[in-house]
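Swiss-Prot has this to say about the protein:
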- 2-838: region 'Mediates interaction with LIMCH1' (REGION)
- ALA2: N-acetylalanine (MOD_RES)
- LYS8: N6-acetyllysine (MOD_RES)
- 27-77: domain 'Myosin N-terminal SH3-like' (DOMAIN)
- 81-776: domain 'Myosin motor' (DOMAIN)
- LYS299: N6-acetyllysine (MOD_RES)
- LYS613: N6-acetyllysine (MOD_RES)
- 779-808: domain 'IQ' (DOMAIN)
- LYS850: N6-succinyllysine (MOD_RES)
- LYS860: N6-acetyllysine (MOD_RES)
- LYS975: N6-acetyllysine (MOD_RES)
- LYS1024: N6-acetyllysine (MOD_RES)
- LYS1357: N6-acetyllysine (MOD_RES)
- LYS1392: N6-acetyllysine (MOD_RES)
- LYS1410: N6-acetyllysine (MOD_RES)
- LYS1638: N6-acetyllysine (MOD_RES)
- LYS1669: N6-succinyllysine (MOD_RES)
- LYS1793: N6-acetyllysine (MOD_RES)
- LYS1845: N6-acetyllysine (MOD_RES)
- ARG1923: omega-N-methylarginine (MOD_RES)
Amino acid sequence: MAQQAADKYLYVDKNFINNPLAQADWAAKKLVWVPSSKNGFEPASLKEEVGEEAIVELVENGKKVKVNKDDIQKMNPPKFSKVEDMAELTCLNEASVLHNLKERYYSGLIYTYSGLFCVVINPYKNLPIYSEEIVEMYKGKKRHEMPPHIYAITDTAYRSMMQDREDQSILCTGESGAGKTENTKKVIQYLAHVASSHKSKKDQGELERQLLQANPILEAFGNAKTVKNDNSSRFGKFIRINFDVNGYIVGANIETYLLEKSRAIRQAKEERTFHIFYYLLSGAGEHLKTDLLLEPYNKYRFLSNGHVTIPGQQDKDMFQETMEAMRIMGIPEDEQMGLLRVISGVLQLGNIAFKKERNTDQASMPDNTAAQKVSHLLGINVTDFTRGILTPRIKVGRDYVQKAQTKEQADFAIEALAKATYERMFRWLVLRINKALDKTKRQGASFIGILDIAGFEIFDLNSFEQLCINYTNEKLQQLFNHTMFILEQEEYQREGIEWNFIDFGLDLQPCIDLIEKPAGPPGILALLDEECWFPKATDKSFVEKVVQEQGTHPKFQKPKQLKDKADFCIIHYAGKVDYKADEWLMKNMDPLNDNIATLLHQSSDKFVSELWKDVDRIIGLDQVAGMSETALPGAFKTRKGMFRTVGQLYKEQLAKLMATLRNTNPNFVRCIIPNHEKKAGKLDPHLVLDQLRCNGVLEGIRICRQGFPNRVVFQEFRQRYEILTPNSIPKGFMDGKQACVLMIKALELDSNLYRIGQSKVFFRAGVLAHLEEERDLKITDVIIGFQACCRGYLARKAFAKRQQQLTAMKVLQRNCAAYLRLRNWQWWRLFTKVKPLLNSIRHEDELLAKEAELTKVREKHLAAENRLTEMETMQSQLMAEKLQLQEQLQAETELCAEAEELRARLTAKKQELEEICHDLEARVEEEEERCQYLQAEKKKMQQNIQELEEQLEEEESARQKLQLEKVTTEAKLKKLEEDQIIMEDQNCKLAKEKKLLEDRVAEFTTNLMEEEEKSKSLAKLKNKHEAMITDLEERLRREEKQRQELEKTRRKLEGDSTDLSDQIAELQAQIAELKMQLAKKEEELQAALARVEEEAAQKNMALKKIRELETQISELQEDLESERASRNKAEKQKRDLGEELEALKTELEDTLDSTAAQQELRSKREQEVSILKKTLEDEAKTHEAQIQEMRQKHSQAVEELADQLEQTKRVKATLEKAKQTLENERGELANEVKALLQGKGDSEHKRKKVEAQLQELQVKFSEGERVRTELADKVTKLQVELDSVTGLLSQSDSKSSKLTKDFSALESQLQDTQELLQEENRQKLSLSTKLKQMEDEKNSFREQLEEEEEAKRNLEKQIATLHAQVTDMKKKMEDGVGCLETAEEAKRRLQKDLEGLSQRLEEKVAAYDKLEKTKTRLQQELDDLLVDLDHQRQSVSNLEKKQKKFDQLLAEEKTISAKYAEERDRAEAEAREKETKALSLARALEEAMEQKAELERLNKQFRTEMEDLMSSKDDVGKSVHELEKSKRALEQQVEEMKTQLEELEDELQATEDAKLRLEVNLQAMKAQFERDLQGRDEQSEEKKKQLVRQVREMEAELEDERKQRSMAMAARKKLEMDLKDLEAHIDTANKNREEAIKQLRKLQAQMKDCMRELDDTRASREEILAQAKENEKKLKSMEAEMIQLQEELAAAERAKRQAQQERDELADEIANSSGKGALALEEKRRLEARIAQLEEELEEEQGNTELINDRLKKANLQIDQINTDLNLERSHAQKNENARQQLERQNKELKAKLQEMESAVKSKYKASIAALEAKIAQLEEQLDNETKERQAASKQVRRTEKKLKDVLLQVEDERRNAEQFKDQADKASTRLKQLKRQLEEAEEEAQRANASRRKLQRELEDATETADAMNREVSSLKNKLRRGDLPFVVTRRIVRKGTGDCSDEEVDGKADGADAKAAE
């Protein structure tokens, strides 16, 4: 029953498919698909076709509807209903795909193949298709053998991994709620079952169980209920399952992406937070609730919606399942309780309430009950916790202060803490699961990755999390498109097969670039990261920057809703998504309270402190948090000190994921959501259609059908399928390609089914599966034959064995019979009794000999035992010696291995250093290029400053002229004031109407600009259709003219001749009617002509209309153009009327020649025509006179505007001179700035390079010293202990000498780099002082320049406004009332034109869409027909093959019948022979009977002589018996022969009947086949002809489109060139000035940042160098202690004191040189106290060493007590070795700390202080380790008591080494002195730089005074201007208001725009 239920949801009902009624109905009704608003598409019957439309009858209700042909889609035959692979559909279109999916979904079949991938629709219910039996059904099966299922996809990936040894990935994609997570679980379930190393089904391995239980844990902690999905994954995961070579699972790893941690604190309506919160509150027992302080749901603020339940799920049961899963995963109970405590603590954090105090904004906590619960659960102090929230300690300067928080800040801190705590717990859980899943020791050979990431989300308002999720889905969809469409076709082209590249238009790269592009222009994430750098940045500024940078992007839109709605929109592949950028900056930076984080790090709860162990790396500064590095192996390792945001980390993780997926073979599963109501059995067609379009399902099927999805390498194809063509390939060598060609010929494959490339054979879909089936059949036949041979061989072998047994039995029988005859013979009895007696005597002799031999053997045995005991003793001794030698040899090999490892490390470090050197060289080259670029910029700035100075001079002269002109203009203004008051009302009306017109025109022009691109693409089609339309219109006009002329004549004849007959009256009536129609047609004709002309000139006139509306000149030009157009229309009308009159004449002559009345009417008509001609000529003359008047007016206006233009040019020249003077000054400043930048860049580059080299070489030096000392010790040990193993000793000596050479080389390199470092430090200090001076000068000059630029801009604005007002007043006075009338006429005309244009544009757009639809429909039909043609060809080839096979079978039947006839003849002959034999045998039998009677008589006669004749009697009896037997056998043979003869006769008759039937059937089949073949040939020929016609038509259309496109492109390029030339003159000056200002500001900001960084890094570097030198002194002193005890201790104390003095001196110098270094003074003092404490402990240890030295001296004096002396020496040596190693580790750690402190200066020493504290803890641990190692050393010394002499030799060697170390210490002290001298020189240079800076400051003050004077003059001018008239004041205020809201660059642009307008 269970299997039948599962089959219902897997297999299709064949009866439904093979229904003949449905087939007949489909063929009879001509069923098609038509669009439906309700069902997407619905079936209809095609009734009639009328032009472009068709009449269809809907199947559902029988209603007849008119539908456009382009909207109709073909329907597949019923046999394709519910097809499993949609690539098999004959008609591939959206309707067929949707119908197939819908039918399968309603039948419970949720899985459907779509070409190469699988489509699954969420059923919203449980289906019985995931059991163990179903898994077994799909195990090892091919894809076409089983129905579609997720198991089939998984099995295909698994088999491909095993067969091709290629990593696989299964990508489950789709929207949220489509079923991705459930399908991911089914994939893991199948792999755990199939690839388990445990064969039994019941006994499942621990690893497989843990793998299956990982998902429930992650779902509990990372999934939640949303509006669309009850179990929505709120994080992404990539599950990597590793397999060994045999295909067994050896481990797994889970990578997670972007947990939506904000859900832990708030949820949307009807949504839940993460499941684990509800599981815990519902499933915890009373004891657990009291321990975790749990409360009801409504008591928690973070549970926004209270207790929201999920239908069909019990939270209590799920809690038990989750705890059981954690137990299976191996998570101990204490860690489980830690997780639950953290969950309860997160809930309690939401209950902490804050209150605002009355008089201040400070927050307070009136009730700390929740805080006490949180502190109890998390193991922290409640007072410290509340203090850290309400009054956290922050660092201000060098001190720490407590800052009071507001209520909002406290709430934000609590929420941030809750989110961070939950996120860290989730990361820890993932790390713990990975640790459990990756504990096996087996090596993984390949892997299968399963991707389950959050689906595409479109809410009403979407936030930062949705952007990241949708960005991920965009990348995955792009991967799908690239894999399915681009890479597939590129491989076709790469392999050189015939293929036309198809562009499916599914490139998502623009949208991805909009989000992730780093620069040019930067994407949204880059802009977000950039805004995070600025302290005053807000979400609003971020949105403004996004709109500014990406406002013109095609995938970016501004929202059209209210202000509180979305901030911007992005057009994703799944639709348009509105984003609200609230708190995006905070989410991207993810800040946290440092005080609380430190408190949690120090928690008494081990689990909580483990979660917060990386407290020093909480904020986005530094690299990723330490825990995230381990928990998220996908994180990229970046340089320390970089600002790491959430967006950057997620982008890097996603980049690594995409790289992993690209390196695998992807298998796509497209999950589709059927409805948003989560109802089972309901499918929303439009929703599914949108998902199918977005996912590229149709395109994937089409490329699968048209392309060659299966491909095999030549060698593999030959190896796999050569069994199908055994004799096709000749023996000997043959190229793989030639062999494949021969094999394909032998296989008789159709040429359309395959393509042969350069390295592979490509097959269409299904061909390879067919070959696999044939191969399986062939292998089956071969195996059956092989089995038959084996069985025959075994049967023959068994028969031979039975024959041997038979002969043996006969021998035994014969022997037994002989024995029975002999046993009673007396002589035999005597022989048996005597024979044993003969052997007894010989046996006694043998016993005596054996006894003698036994005695000898015993003696030998005793001797051998003695020798054996001796040998055993010797063996035991030798074994002991052997063990000793083996131990020695093992020790030697280990030493050699260590030496080899050291050598490998040194080589690796050498390579790293070389790589670093190459990187530094590359950086040097980059810096040189940057310097060159800066020099070029410097020259440009100098030129700009010179130009500005000249402009200032010109402006000064212009200002004086303006003062003179001001008096005259005031007088003019007074005169104009009266006129202005009169015209003001009219002007206001005109201005308002003009504004409205301009706004409408601007809107229409923007629309036209947007549609222009479409019109260009449409131009190709439009020109073609216009030509067709013009032809048709001309024909229509001719016919209409003819009809109109006839009707006119009739009407006129009616009016003129009332006395005519009735026929004439009817004609007159018709003429009257035709007159009316003629008037209408004339209007339509005029409109059509105007439309054609305006559309032809639309592209050329679109840009001109904006300028025409701006000024009255453009209005006059527009009037002129309209008059010309009307004149042309009138002329055309005149010509048309002339043509009509001529036509009327001819017709009248033809029709009315018979009557005289008709002649009179014709004469009257001619008179009327002459009158009409005269009126037309008069109208033309008046029209020309009007045009002449308008031309005169236009010329006068042009002359006046030219005069004004000359005046404005002169003013502009004066302003440009002043601008040049200012630009010259700015150029000088820019030169100085660039020089400073260049110096700074060089110094920074050199400093970083030398510091990196110094650090690397110091590490290398310390490693070399350690290696050298270790090798020296090991060499001495080897010399003493392994005298016999001389070969190994020589090898170790050679290695040690090689390492010493390397060490000496490294020492020389270190000295060189140190000298370079000294020089670089000197240069850096000098440059830094100069840089400070120049920066001060730059700032002063920059301020001066900004003030002067502001003054210049104000003057330019005033001048522009004055000129604009003057020109406006002049125009108003001149134009007057005429302007109003012309404006109104122009307004009406423009409105008409715009309405006509918009209507025509809509018509063209609709026509274009219609043509596009027809094109796509025809293309799809063509593709379907091509596919159908391929299928027909394939079927024809299959039929031909079947015909050949049938002929072969017929020939075989004929041969078989001939064989049967021969066998029949042969059997008859044999029967006749056997009859004769039977007769002869019968005669022989009669004779034998007679002989028997005679023998019986003789028997009676001679019975008395029985004994004598016994033998003869027996012989005769035997012969009789044998004769009887032979008789019976012959009779039996005769009977058998008769039966065989009868059977043969029957068979012969049957074969003859069968032969007749076969011949009849053969004739019938041949006739039928010929008819079918002929019909199909005819059909194929017809289809071929149709296709050829369609292809020719398409080619012709394509050629026309190409020509039109080339013409349009040429016109477009010409227009663009003209536009660029016009815009270039306007924009060059503005762009240069704006770019210079922007570059100057950027350089200033960079200069400030660099100076701050330089000061901070210099202070930190000097402090760290002092500490490094101190530690280096300690290291060298401790190394000296190891070799010479007393001298080392004294040297160490001196070095320590000296280092402390130097440290104090350097600390004082740092405090004096940099003010910012005092920020960390308090922390430094605390750390120094800690260091002093450690130094005291070190002195205690040194005191211990002094005691050991005393013992050593006593041992030297008392040489007799050599053993104790040896103990002391060895303990001392081992202690020094440990101390040296410890100091080396300290040195390495301090150097690492140096790098970390340099990188962490920006975060105010927080990270460095934490690192130092961690370092102190490590030093304490090292002290403990030292004591343990000392004890181990004492144990080791006891073993080496016999080796005192060798130790003494080692002591002498160590003394020599100590002397060398002393020399090195002296060198280091000299280097320290040199560094001090460099520091003093740097301070002197700093003083000199300060002096020069003060000098520049004085010069700057002088410059500011001059600027103030100029400002005063400007202000005086402003006061004078304010005393002017009202209109001027109004306009000036408007300008100020506009500039106040804009940036500086926008102000400059507007000022320049005003200049341009004034110039016009």
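Glycine too: its Cβ is placed from the backbone N, Cα and C atoms.
On the structure: features taken from Swiss-Prot.
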{"residue": "LYS8", "record": "N6-acetyllysine", "Cβ within 10 Å": "15"}
{"residue": "LYS299", "record": "N6-acetyllysine", "Cβ within 10 Å": "15"}
{"residue": "LYS613", "record": "N6-acetyllysine", "Cβ within 10 Å": "14"}
{"residue": "LYS850", "record": "N6-succinyllysine", "Cβ within 10 Å": "10"}
{"residue": "LYS860", "record": "N6-acetyllysine", "Cβ within 10 Å": "10"}
{"residue": "LYS975", "record": "N6-acetyllysine", "Cβ within 10 Å": "11"}
{"residue": "LYS1357", "record": "N6-acetyllysine", "Cβ within 10 Å": "21"}
{"residue": "LYS1392", "record": "N6-acetyllysine", "Cβ within 10 Å": "11"}
{"residue": "LYS1410", "record": "N6-acetyllysine", "Cβ within 10 Å": "15"}
{"residue": "LYS1638", "record": "N6-acetyllysine", "Cβ within 10 Å": "12"}
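Nearest to LYS850 (N6-succinyllysine) in space, judged by Cα atoms and limited to the modified residues LYS975, LYS1357, LYS1392, LYS1410, is LYS1410. Here LYS1357 (N6-acetyllysine) is positioned 53 angstrom away from LYS1410 (N6-acetyllysine), judged by their C-alpha atoms. In this structure the C-alpha atoms belonging to LYS1357 (N6-acetyllysine) and LYS613 (N6-acetyllysine) are separated by 62 Å.
If you average pLDDT over the domain 'Myosin N-terminal SH3-like' (27-77) in this model, you get 85.
Spacing of LYS1392 (N6-acetyllysine) relative to LYS8 (N6-acetyllysine) is 67 Å (Cα to Cα, whole number). The modified residues recorded for this entry are LYS8, LYS613, LYS860, LYS975, LYS1638, and the Cα of LYS613 lies nearest to that of LYS299 (N6-acetyllysine).
Each residue contributes its Cα atom, and for LYS613 (N6-acetyllysine) and LYS1638 (N6-acetyllysine) these two points are 45 Å apart. Separating the Cα atoms of LYS860 (N6-acetyllysine) and LYS8 (N6-acetyllysine) is a whole-number distance of 88 Å. Under DSSP, the residues of the domain 'Myosin N-terminal SH3-like' (27-77) split into helix, strand and coil as follows: 6 helix, 30 strand, 15 coil. Cα of LYS1638 (N6-acetyllysine) to Cα of LYS975 (N6-acetyllysine): a distance of 46 Å. A gap of 98 Å separates the Cα atoms of LYS975 (N6-acetyllysine) and LYS8 (N6-acetyllysine). Under the three-state DSSP scheme, LYS860 (N6-acetyllysine) falls in the helix class. The DSSP breakdown of the domain 'IQ' (779-808) into helical (H, G, I), extended (E, B) and coil residues amounts to 30 helix, 0 strand, 0 coil. Reduced to three states, the DSSP call for LYS850 (N6-succinyllysine) is helix.
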